[in-house]
Structures are given as C-alpha cells and as structure tokens.
Amino acid sequence: KSCSFSFKKVQPALTGFFPVVKWLPKYRFKEYVWGDVMSGLIIGIILVPQAIAYCLLAGLQPIYGLYTSFFSNIIYFLMGTSRHISVGIFSLLSLMVGQVVDREVQLAGFDLSEDSRLEGISPEDLFNSSKTNVSSVNLTLGVFNMECGKECYAIGVATALTFLAGVYQVLMAVLRLGFVSIYLSSPMLDGFATGASLTILTVQAKYLLGVKIPRHQGFGNFVITWINIFKNIHKTNFCDLITSALCISVLVAAKELGDRYKHKLKIPLPTELFVVVTATLVSHFADLNGVYGSSISGAIPTGFIMPQVPSLNLMSRVALDAIPLAVISFAFTVSLSEMFAKKHGYTVRPNQEMLAIGFCNIIPSFFHCFTTSAALAKTMVKDSTGCQTQVSSVISALVVLLVLLFFAPLFYSLQKCVLACIIIVSLRGALRKFRDVPKQWRISKVDTLVWIVSMLSAALISTEMGLLVGVVFSMFCIVARTQLPHVAILGQIQGSVFYEDAGEYENLTAVPKVKIFRFQAPLYYANKDFFLRSLYKATRLDPLLEIAKRKKAEKKAKQLAAKRAKENVQDNGNCQVNQILVPKDHEFHTIVLDCSAIQFLDTSGISTLKGVRNDYKEVGISVLLASCNPCVLDTLKRGSYFGPNEKDISTLMFYTIHSAVQFAGRREIAAFDSEM
C-alpha cells in the first residue's frame with residue numbers, strides 16, 4: 001500500500017519532500033519580511049569571511065567555501081523543516097574534510113607545503129594545471145578525462161567525500177536509522193568538539209606566526225605539529241605575528257562587548273567583515289606580501305565552474321572517511337533543529353532533516369562544494385536577529401552570490417593569518433567548555449570522564465578516532481553502570497509505610513528480623529554475580545557457605561557422637577554439639593528484594609533469583625519480591641518462578657515493600673504459635 005502510486009499521493013509526497021511548497025504560500029509578508037531580511041543580511045555578511053577562512057581548514061581554495069555557502073542555503077530553504085537553523089560551512093567538518101584532502105593529496109605525490117597563488121585566472125583555470133603552475137596527475141572526473149593539478153585534485157577528493165556523506169545520510173533517512181544519533185551523548189559530542197577545536201587551533205597556529213612547516217598526517221598530529229612549530233619558532237614572520245595579535249585583540253574585544261551588551265544591540269557587530277576589509281586594505285597598500293613575505297590568499301576568481309560528477313575512482317578511497325562526516329553532520333543538524341523548534345513552539349521532522357542535509361551535500365558536490373551541516377553560532381545569531389522562516393537563507397545566499405559574481409577578487413591581498421584569527425576566535429564557545437569541567441564533575445563524574453576521554457582522543461589521536469573512542473567509551477560507561485549499580489539495605493521511615501536507603505538517610509528504623517535489599521539496575525547475565533556478592537555482603541550471610549559449614553559441623557557432630565556413644569555418652573549430645581558449632585537461628589528470617597529499580601530480567605536473572613530463593617530456604621530464610629514492574633513480573637511468570645500455574649505467587653510476590661514486610665511478620669507470629 002505504501003509503495004502504490006496515485007495522483008492523490010503526489011501532493012502530500014511533494015509537500016513532504018519539499019516543505020517550502022506548503023509554508024511559502026502562507027508566508028505572512030508584513031509580519032515576517034523585516035526579520036528575515038535583517039537576519040539574512042547579517043548571516044550573509046558573517047558567512048563571507050568565514051567561508052573564505054574555513055577553506056584553510058579544508059585545504060581548498062576560498063572560492064569553494066563561497067560555493068558551499070551559496071548552494072547549501074538554497075537547498076535547505078527548499079527541503080528543511082526548521083525555520084531557524086543556519087546550514088553551511090562548519091569548522092569541525094571543514095577540519096575533517098581537510099585531513100582527508102591532505103592525506104589524499106600527499107599520496108598523489110603533490111607537495112603539501114606548496115603555497116601557490118592563483119593570479120588572474122577564471123574558475124575553470126583551477127582545473128588546468130598548466131595555468132596554475134603546479135604538478136599534475138591524470139584523474140578521471142566523472143565523464144571528463146583530464147590532467148588534474150593540485151587544486152583540482154584536492155576539490156575532487158572533497159567532492160567525492162561530500163557526495164558519499166550525503167548518500168549515507170539519505171540512506172539513513174530512508175532506512176530510518178536516525179536512532180544512531182542517540183548513541184552520541186551530549187558530553188561525548190561536547191568533548192569531541194572541544195578536542196577537535198584544539199586540533200583546529202593547532203592547525204592554524206602556523207598561520208598566526210607565519211611559519212611554514214610540513215603537514216603531518218595520521219595519529220598524533222596535535223603533538224607533532226606543536227613540536228614542529230617550536231622547532232621553527234625562530235623563523236616567525238613578525239608581520240604576520242603583529243597582524244595576528246591585532247586581529248585577535250579586536251575580534252575578542254568585539255565578541256566580549258557583543259556578549260555583554262547583546263540585549264541592547266539590535267544586531268550583532270559585523271566584526272569579522274570589518275577586520276577582513278581593513279586587513280585587506282592595509283595589506284594591499286602596504287604591500288605586506290612583497291615587503292615582508294606575508295602569506296596572502298591570492299586571487300579568488302568570480303563566477304561559477306561548470307558542474308561535474310564527483311570522481312568515482314576517488315570514492316573507493318574515501319568511503320570510510322565519509323561515515324563519521326555523515327554521522328556528525330546529521331547529528332548536529334537534527335539536534336539544533338529540535339532545540340530551536342522546542343524553543344519557538346513548533347515541530348520538525350527529524351527524518352526530513354536528514355534528507356535535507358543529505359541533499360545539501362549530494363547536490364552541491366556536483367558544483368565543487370564540500371560537506372556542510374547546521375552551525376550553532378550562526379543559528380543563534382540568526383535567531384537573535386529576528387529570523388522567522390528560511391527566507392532568510394535565500395537572503396544570505398544572495399549576499400554570497402554578490403561576492404561570487406563581483407567582489408571576490410578584492411580579497412586578493414587578504415593575509416592568511418587574518419583568516420586564521422577568525423577561525424580561532426570562532427572556537428571561543430568550544431574552548432570555554434574547560435571552565436565547566438569542575439561544575440560538571442560535581443554533577444556527574446561519569447559524564448565528565450566521557451567528556452575528558454572524548455576530548456583527549458580527538459585532540460591527541462585523531463579526529464575520526466576521537467569520535468569512535470568517545471562513542472565506545474560512553475557506551476562502556478552505560479554497561480559499567482548496569483554491571484556495578486548502587487545497592488542498599490532499606491529502613492522504614494518512622495510512622496509511614498515507606499522505606500529508603502539506610503546509608504543515605506538518617507532516623508530510619510530497621511525492620512526487626514527482616515532485611516530489605518534494593519538493586520538499582522536490570523538483573524541480567526553481566527551483573528548476576530555482582531548481585532549475589534552484594535546481597536551476601538549486605539545481609540552478612542552467604543547461604544552457600546552457611547550450608548557448607550552446617551554440613552561440615554554435622555559431620556563432626558556425628559563423629560563426636562559416635563565417639564561418645566562408645567564411651568556411653570547420651571546420644572542427644574549430637575544436637576547440642578551441632579547447635580554450638582553452627583547456630584541455626586539468624587538475626588533475620590526474611591529477605592525482601594525491592595525490585596522497583598529492576599527494569600528487566602533475562603534468563604540468567606530468573607535463574608539467579610530462583611537460586612537465591614532455594615539457597616536461603618535451606619538455611620531457613622524466606623525470600624520475597626516486592627514492587628515488580630509488569631515487564632519483570634511477566635518474565636518471572638514465563639520463567640515459572642512462582643511454580644506450576646503460579647500457585648505460589650501470593651506468598652512470593654507483593655506489590656509494595658510494606659505488604660511484604662507485614663506478610664513476613666504475620667508468618668513469624670504464625671510459626672511461633674504453632675511451635676507453642
């Protein structure tokens with residue numbers, strides 16, 4: 001039925017796949033247009049310098065960052081369900097793309113330290129090695145067989161990687177695999193982002209100093225890069241260093257002022273654009289490149305490159321690298337969409353969000369773009385400047401388009417250290433997470449450990465490995481919590497029918513002759529041994545050891561009785577010796593297991609409970625269950641815990657702890673009366 005076709009289904013399918021068809025005709029022009037135009041212009045102004053800067057991270061020419069910002073905004077406008085998120089270049093993804101690009105470019109035989117500037121060329125010349133004056137390799141890009149230079153090869157790797165990441169995201173949406181994101185916990189993502197931010201800071205440090213050092217690929221990039229920086233610190237370009245210090249001072253001061261007076265400022269200060277324009281003018285008229293050897297961006301061509309199919313040959317090389325990109329991209333996009341939808345009182349469709357971000361990667365990959373996702377900082381700016389709908393994304397795309405068509409060549413003299421400053425200052429939010437560590441440690445030590453492990457692995461090992469280590473460690477912590485849960489002996493709150501942890505609360509009354517034991521986790525194969533050890537320790541009675549002691553004592557008693565019989569000693573000495581060696585009376589006669597915190601049982605759990613009941617029964621102690629949830633109760637019934645036809649359920653299971661305690665008291669009185 002779901003796969004059948006009819007014309008009645010066309011419109012719902014169309015509006016479902018392109019939500020813009022549904023909401024745009026209902027656009028409230030007078031109410032929404034001012035906020036959308038303002039937020040769109042501001043985000044567009046922010047996008048331009050960031051798009052150019054983040055290409056340093058991706059190892060690509062600045063023009064590709066502008067392409068990416070333009071196409072992603074247009075496609076998300078058509079397909080997204082969130083009204084507020086800003087989709088485009090994201091520093092973390094740019095770093096991950098850049099690591100793959102650098103690796104493949106190096107394996108292809110290109111010189112990573114090559115600092116070529118593209119002067120007076122058109123966009124198509126980026127694909128012509130003879131005009132860019134760099135080495136070349138033969139590469140089949142889609143249906144075109146051509147000689148490809150370094151820049152062409154780099155964007156070829158990036159587009160193949162981006163195409164695969166988009167395909168993975170669309171497949172995840174089709175197969176309803178969005179649940180994968182639930183394994184990316186908030187502490188893990190925060191730690192991963194902070195560790196990646198340290199890596200980004202490390203990668204950009206050489207531009208701040210104007211030091212030319214070889215790029216390291218593989219594990220330990222963080223440490224090796226800093227070692228190389230300090231080895232070459234004497235080669236610092238003081239022009240770049242002074243420029244970096246001035247730019248960072250201006251950017252940080254403006255950000256701090258903006259944060260302090262954000263309630264008074266109607267729009268955020270376009271500090272990045274001001275710094276870029278000022279630095280470009282100073283660099284151009286002072287000829288900082290010619291006089292001081294300062295590294296500059298070089299020519300950024302205008303116009304668009306002809307679309308091309310991403311290289312099929314390169315896809316096999318980057319297929320695994322695209323997986324973490326796809327997961328991180330959709331995780332950030334979906335989480336931000338849901339966060340801002342909740343804030344403004346509307347709903348988003350997570351599956352459609354995955355489709356939208358997937359096509360924001362697939363379609364632009366044909367237009368020489370690299371991987372995108374939603375970005376928190378730009379989304380918050382968009383929200384604070386009055387954004388109402390995704391019409392603001394179209395305005396932002398038009399701003400980028402103006403730069404692409406007319407203003408891009410004006411950034412020729414822009415120093416790379418200025419771009420590095422923009423990137424580093426944008427990491428303030430992630431790096432500030434270090435200040436939250438003491439507070440987080442007081443709230444949850446486990447979450448703090450997850451954050452620290454994810455951060456260190458992302459920074460010290462590699463970005464991709466950091467994601468894997470973070471996910472595995474956070475899942476290990478979940479398993480460890482169920483394997484080593486909290487256990488407690490409960491006492492009664494005076495004058496009530498409620499019972500709580502005697503180790504956590506004062507003035508609780510111990511129930512005479514009854515031990516109430518709480519196990520705060522599911523009971524399954526991985527923690528059944530811990531359950532038994534905890535129960536024996538809490539009750540101070542191991543029934544197996546008690547049985548073994550009694551058997552040993554009975555054996556000794558019989559031997560002693562036989563010996564005394566030969567000496568004509570009365571035979572009733574057997575009982576007296578046995579009672580002296582192992583007293584049969586204990587300080588309690590009933591154990592009540594509080595099952596309120598046991599979410600589920602498996603077959604090992606059922607067998608464990610049966611064994612506990614039988615073992616304690618042999619030493620004269622009853623085991624009762626209390627507060628079982630329906631899932632646990634059904635499992636016990638299926639496991640025949642209550643005997644054939646559940647005949648013993650009324651004497652083994654109780655709905656509250658108090659009813660179990662009362663039953664144990666009545667049974668003790670009945671047993672005492674029968675003995676009398």
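Backbone N, Cα and C define each Cβ position, glycine as well.
As written in TrEMBL, here are the features:
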TRANSMEM  32-54  transmembrane segment
TRANSMEM  152-171  transmembrane segment
TRANSMEM  191-209  transmembrane segment
TRANSMEM  314-334  transmembrane segment
TRANSMEM  355-377  transmembrane segment
TRANSMEM  397-427  transmembrane segment
TRANSMEM  448-476  transmembrane segment
DOMAIN    504-664  domain 'STAS'
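Computed over the domain 'STAS' (504-664), the whole-number mean pLDDT of the model equals 84. Between the transmembrane segment (32-54) and the transmembrane segment (397-427) there are at least 3 Cβ pairs closer than 8 Å, counting only pairs 6 or more residues apart in sequence, which means the two stretches are in contact. Taking every recorded stretch in 191-209, 314-334, 355-377 and counting its Cβ pairs under 8 Å to the transmembrane segment (448-476), the highest total belongs to 191-209. Tertiary neighbourhood of the transmembrane segment (314-334): same-chain residues 85, 87, 90, 92-93, 96-97, 100, 104, 139, 156-157, 160-166, 168-169, 172, 178, 180-181, 184, 189, 350, 353-354, 356-358, 361, 371-376, 463-464, 467-468, selected by CB-CB distance under 8 Å and a gap of 6+ residues from either end. Stretch with the largest number of CB pairs closer than 8 A to the transmembrane segment (191-209), among 152-171, 355-377, 397-427: 397-427.
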